[in-house]
Amino acid sequence: MTRIAHWVVLALAVAVFLLPFAVLLRDGIGADWSTVADLFSDKELMFTRSLVNSTVVAVLQTAGQVVLCSLAGYGLARVRYRHAPVVLYAVMATLMVPTAVTFVPSFVVVSSLGWLSDFRGLVVPGLFSALNVFLFRQFFLDFPVALEEAGRLDGLSRWGVYWRVVVPNATGFVAAIAVIDFIGSWNQFLWPLLIAQDSDTWTIQVALSSLLTAQNPRVTLLFAAAAVSILPIVLVFAVAQRYLVRGVTETGLTGQ
Amino acid sequence: MRRGREALTFWLFVGPFAAGLLLFTYVPIGWSAYLSLFDAHNTVAPTEFVGFDNYVDVLTDRAFLDSLGTFTVFAAFIIPTTVVLSLGLALLVNRIPIAQVFFRSVFFLPFACSYVVAALIWKMSLFSGVDSGVANTVLGWFGVEPQAWVGTVDPPLYWVVLVTVRLWLQLGFYMILFIAALQRIPRHLYEAAWIDGASPGWQTFRYITLPGLRGALVAVLTLNLINAYQAFDEFYNVLGDSRGYAPFARPPLVYLYYNSLGSGGQDLGRGSAGALVLALVIALATLLSGKVSRRRR
């Protein structure tokens, strides 16, 4: 009896969770393909442009974050330097400052650099994630030292050991962090809303939002646009789910 | 000599990141603290020193205090429901013998969706005010009149929209955290309890599962609190339209956006003061929640 109840509850939950996706497909793609064609051909909507922009931003940001933060994490975990504890403390202290609370200050800096409506303004400030550094440092602290020492005996420098020994043995973890970063970057809204003031630099989320908050929004068009916008992420989700789950577990449980 | 080389190696690895962190986190905070003491309308290099006037302005602004009230109401809805439902999902999924990965994926899938897309589905379809909206259709089965969800202030039905959209987006994420924690609870504890005559169900849940989930519970609560405090995307997209933002339900970031950076001209001095006050509030709230959860031990 309880077993049946269990499955019934589970089935209901599945239906509720899938309903919004079903609605999205019904009202978007389900309507007709000419709506989707409109989306790509009407230049005024900035749809194609914003998809390209989002791809550029998300790819650059993910790659930059992974490279910069893993290097820093490794340095903080392994290199013995007198002032390393101070640097570590300075990095960790910024974890306490919620990113969104610093959005006014960061906006001030970016606008004085002249980076408004500029890819540099969209990509660069988001590269320096203290959380990523923390996670990489934890991971490298547990990395088998013997492997690194073997590399040193072979005559590699620390830099060489990092690229030839450590990175090739850390691909699973790097993928986990990268997937999380990519999704976060693709879906972010507030920062691009502030920075991409010129519609040429809109990301897909900003373009969707402008369609949504427009006068008399065109509903079918809106849903088609939304459906197309989540395709890349659904793809990433399907291909890299294993890494995604690992990344979420790492960032959630150790990241606070 | 050797010490110098280690220093060089260290900065080779950490230097690029540290420089960026300095420029994009520490400099902005310092600059903001400076701006908050000036009249900085549409400029980042102000000349008119005003002391603590910006702080006084923010703290005596009815709208600012209202935004803290809005956050409190939102947190009171979203935090308990998220904890209970995500733990419930985790227990449901963790107990089934087959197809665990399938069910986990279904509940986790909304994590891939952006707040903008979700707000769009909720506003234009699920909770749209027209009779054919999904929520209104369901109400119709029970003979209830259709509602104008987003625009209804009395009773505040817009909260239903805002809370459910966030629940859908984030439950899967927290469920994954709980599943990971559940799987770390040693199985032999349950077996020992059964041998000692404990019934599988409430007793083992209360005395084995719940204590085993302590760390995850604290993580979920803290992350949830910080995320709710920073809510912006769904509020902006659900309640904003071509006429501007609704006059009610402005959480802190929405307040800050419209009062210092939005279309009405930039007031960076006041915005900076507001941001620093908000930072202080969230730091205090986090410390307090940490204290409370430690005392519970």
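Cβ coordinates come from backbone N, Cα and C, glycine included.
Because TrEMBL annotations are produced automatically, they should be read as predictions rather than curated entries.
Since we're looking at a predicted model, the values are computed, not measured.
Positions annotated as domain 'ABC transmembrane type-1' by TrEMBL: B:68-289.
According to TrEMBL, the feature transmembrane segment maps to B:7-29 (among others).
The transmembrane segment annotation in TrEMBL covers B:71-94 (among others). Here the transmembrane segment (B:71-94) has Cβ contacts under 8 Å with residues 100, 103-104, 107, 159, 162-163, 166-167, 170-175, 177-179, 182-183, 213, 217, 220-221, 224-225, 228-229, 231, 251-252 of the same chain, all six or more residues outside its ends.
Positions annotated as transmembrane segment by TrEMBL: B:101-122 (among others). Counting same-chain residues at least six beyond the ends of the transmembrane segment (B:101-122), those with a Cβ under 8 angstroms from any Cβ of the stretch are 89, 92-93, 161, 164-165, 168-173, 175-176, 179, 233-234, 237-238.
Look at TrEMBL and you will find B:157-182 (among others) tagged as transmembrane segment.
The transmembrane segment feature in TrEMBL is assigned to B:213-232 (among others). For the transmembrane segment (B:213-232), the residues of the chain that approach it from at least six positions outside its boundaries are 71, 74-75, 78-79, 82-83, 86-87, 166, 170, 174, 177-178, 180-182, 185, 251-254, 257, 278, 282, 285-286, 289-290, 293, 297, judged by C-beta separation under 8 angstroms.
According to TrEMBL, the feature transmembrane segment maps to B:268-288 (among others).
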